[in-house]
C-alpha cells in the first residue's frame, strides 16, 4: 500500500487505516484530528468543514480535513448518528521526546451501538445486539448497553421473533457471524436500516458468561463481548454478568403493536408527547427514566411481581408527605449507572466524581425516608440500599467542590487530603507573595513607577519595562526579550523564586493528577455495588412516579381474576384523557364474561371505535406493569400477549402495502395467540376489494372464535358480519351510539350493546366538505345498493376455514342463494369504481362526471 514519495507520517496513517477500512480515521496531529484521502472528502461534505490538501504542490495532493481535538466530540456524534464508525488514533508519546515519527495507536472505535460519550446526552438506552444461529431457524440473541453495563441474552425460535426483538430494543447496530444468510443480512441492513458488523471470534469471560445459558446464547454473548473488546480496546469492569431472559416472562407485543398503541412515542410525530411514556413519566432520575421505558416495553405476566409493585404504589399513595420528601431527595441523584461506566472507561473527570459523591450523600436520606414509612412492603427495596459511606467519604474528602472537568490543570484535590500536595501549594502561595515583594522593592529602588512583574510560558516571570524607562533599568537586571515598545528583564533573585514556584507548580500538578487517578481507581472497585444501588434507586423512582400519576389522574388499583373475565367500569383512554382533560372525556365500560370471547364493533368512522380498543390495551398494559389504571373499577385476567392491527399504515420497515401488512399481522395473531391473549383488529380487510375483505374478515373471526379463543375486539365496517352473533355463541355485537335529529348526526362516543343500524359514512363525507350534489347522488346509490344487499354466509362453526367451505358455497349457489363471492348485477362494479375514486383530489366537475358514469352502470 506504500507509495514511493509518501512521508513516514503518512505511511503510518495508511498502515493504521488499513486495519479500519469501514471507519472514519481521526488521526491526532498536535491540536487537531486530521482525516485524509476519501475520509477527508466524505467528512468535509457531511460535517461541513473545509477540505484542503497535503503537499499542495505535488502532482496528486492528498485531500485533508481536520477538526480541533477539544471539540472533536460534536463531530464524532454527527458521524455516529448517521450510522458511521469512527476510529480515534491518539499520539502515544510526547512529540517533543519522540525519535522519528510520533507513535500513534487507535485507542477506541466509536460505533452507533457503543456510544458512551456524547455532546447530546440522552437518558435512553443504546443497545448493541448480537445474533447467532447454526441452522437459520433457532437464534441466540444477546444485547448490551455499553453506557450502563446492562447485558442480557435469550433464545428465539424463528427469525420473525429476532426481527421483532431488535425493533423493540431500538438497536442501531447488529453484530453477526459470517454464517448468517444473505437474505437475513439484507433484511437487517436494507429493510431495517441497521449497521451490520461482523464478528466470528468469541471472548470467553467466565466472570460475565453464565454457563447455564444455551450454546447459541453463549455464542451470541461471547461475540458481543469480543466486538466490544475490539472496538473499545480496554477492559470494562462495569459490564454486568449476562442475564438470561424469556420473551414469555413478559406481556408479548410486536414492535408494530407498541407503535400503534403509542407506548414509547407518538406514532404520528415520533415524539414523546402523547405517548404512554409521556403520561407516566414523573421520574426524577435518569436511571428511573430508563427503567420506566423498560417496564412499559415489558409488562409482567407474573401475578406475584405485579402485586409487589402494586403494594408499594399503594403505600406511596397512602403516605403523601413521606412520598413528597422522597421525591425531593431523588432530584439530587445523578445517573449512577453512566457515572460508573465512565469510571470503567477511564473517562470520569473530577466533576463526574463530584456528582457521584453528591449522589452518595443523598442515599442515606433516601433510605431513612423509606424506613420512615414503616411499611413491610418497602422492605424489599430498603434492604437493597447500600449507602457505601466509605466511598462517599473518599470522594467528598478528596475532590475539591470547585474542581473543573479537566484533570491536568490542578485545583482538583482538596487541601488537607495529601500533606505533600499541601506543601507544594504553600510554596506556590508564598512564592506569589515573594514575587509581589520583589516587584515592590525593585519599583522603589529603580524609580520606575510602572514597573511590574508578568508571566508567560516562554519567558517565565519577568520585569516589564517600557522603552521610555529603559534608562532607569538597574545594572543587576538582565534582558530576557525585546519587544517593539518594551523589554523584558530578569534578576537572579527573581529567577531563584521563579524556579521554586514553577517547580512547586509542576510537582503539584503532577501529584494532583496521580492522586486523582488513585481515587478513581478506588471508585472503580465499587462499580458492581454502584450498579446494584442504581437498580434499586431506579425501581423506587419508577414506583413513586406511577404513584404520582395515579394520584393526579384518580386511577384505581386493578384486580385480577382467573375466570378469564374483563370488567372495566367507566374506563378511559389514559393518554387521550390527559390531552383532552377529564371533564371532556367520555368514559366507556368494557365487559367480557367467561363465555364471551369476541366483541364485534360497528359504528361510523371517527366515532371512537379505535379509541375504545386502544383504551382496553392501555388498561391491560398499565395494569400488568404493576401500575394503577384509568377507570372507576377494573378486574382483568393476566394476558400473555397483545396483537393489534389498528390504523391503515403501510409497513415503513419492509415496504409492504397496507393490505399485505394487515394479512401478515393477522397471520401472527392467529398463529401465535393463545386463549390468554388479547387481539384488537380495526377494519381488517379494508385494503382489498369489498367481497375479498368481507370473506377474510368473516373467516378470521370464525377462526379466532373456534380455535384461538382469545379475547378479541373486532371493529368492522362490514355490517353484514353482525349476523355472525346468531351462529357464534361467544361473539357479541356492540356499536358506537349516535344521535340523529333533523337530518343531523352527532357521534356520542359511547359504546352500547347490539349492532349499529347505519354506517353514517356519507355523514362523515359531509363533515369532510364534499360537494352537496355529490353527497346526494351517493345517498341515492347507497339506497340502491342496500336494496340488493349481500347476504352473509355462515359456515359450520366447528371449522372456520376448511375444504368443506367450497361444498357449502356450491350448494348455496344451486339453491339460488347469493354467495359472498358472487356479485349481484353490477353492484360490485359500482363499488369498485367508487373505491377507486380519489375524492380528496376531485374537482366538482370531475365529481359530476364520475357520478354520471356510475349511473350508467346501474
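Cβ coordinates come from backbone N, Cα and C, glycine included.
From a predicted model like this one, the values you see are computed outputs, not experimental measurements.
Database features (Swiss-Prot):
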BINDING   603, 604, 605, 606, 607, 608, 609, 610  ATP binding site
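Where Swiss-Prot records a feature, it is marked here on the structure.
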residue: 603; record: ATP binding site; Cβ neighbours (10 Å): 28
residue: 604; record: ATP binding site; Cβ neighbours (10 Å): 22
residue: 605; record: ATP binding site; Cβ neighbours (10 Å): 17
residue: 606; record: ATP binding site; Cβ neighbours (10 Å): 15
residue: 607; record: ATP binding site; Cβ neighbours (10 Å): 26
residue: 608; record: ATP binding site; Cβ neighbours (10 Å): 22
residue: 609; record: ATP binding site; Cβ neighbours (10 Å): 26
residue: 610; record: ATP binding site; Cβ neighbours (10 Å): 20
Subject >> Shell of the ATP site beyond 603, 604, 605, 606, 607, 608, 609, 610, same chain only (C-beta within 8 angstroms of their C-beta centre) >> reply: 715, 736, 747
Original post:
Secondary structure at residue 607 (ATP binding site) (DSSP, helix/strand/coil)?
Top reply: coil
